Amino acid sequence: MALREIIILPDKRLREISKPVAEVTPEIRKLADDMFESMYEAPGIGLAAIQIAEPVRLITMDIVRKEGNGKSDPRAFINPEIVGASAELNVYEEGCLSIPEYYAEVERPKTVRIRYTDLDGQVKEEDADGLFATCIQHEIDHLNGVLFVDHISKLKKAMVVRKFEKAAKRGIKYV
């Protein structure tokens, strides 16, 4: 495993649309391992490959760690897609490792049904709700070049983007 640098707004690579993974290879498994290590170090509960400048449709998550009970449930999702979503919405305060120290309430479907391939190459479908639903939608957005600030008001988004652009010009690195 290797710790990888997480790219930060306004890095334009965050807006790239990630390419599908054709096959689960040892390289994809190693990338997932690197992503878990980088995600835990940050610390975070979800990471899309594009956030470490790898434009492939791979997500790692461990939402159990957020509960602070010392347990862990690392999961990888290859080529994840939402195949169904509830009409009922939920509001959750989101943050992002690529937009450090900024949080905002985002409204998303309360439950979603996802289809993905696991690291063993098995295609699966699963229902997600609560934090899992919020996190998987947030990470799938990354694979499509969408950031959580795209879901907030234009004024708030403009303010946060400007803040990160100014910091980048001054060479400030968020850690």
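The backbone N, Cα and C atoms fix where each Cβ goes, glycine too.
Swiss-Prot lists Cys96, His138, His142 with the feature Fe cation binding site. Residues or ranges marked as active site by Swiss-Prot: Glu139.
A straight line from the CA of Glu139 (active site) to the CA of Cys96 (Fe cation binding site) spans 9 Å. Those same-chain residues not listed among Cys96, His138, His142 yet with C-beta within 8 angstroms of the centroid of the Fe cation site C-beta atoms are Gly46, Ala48, Gln51, Glu94, Leu97, Ser98, Glu139, Asp141, Leu147, Phe148.
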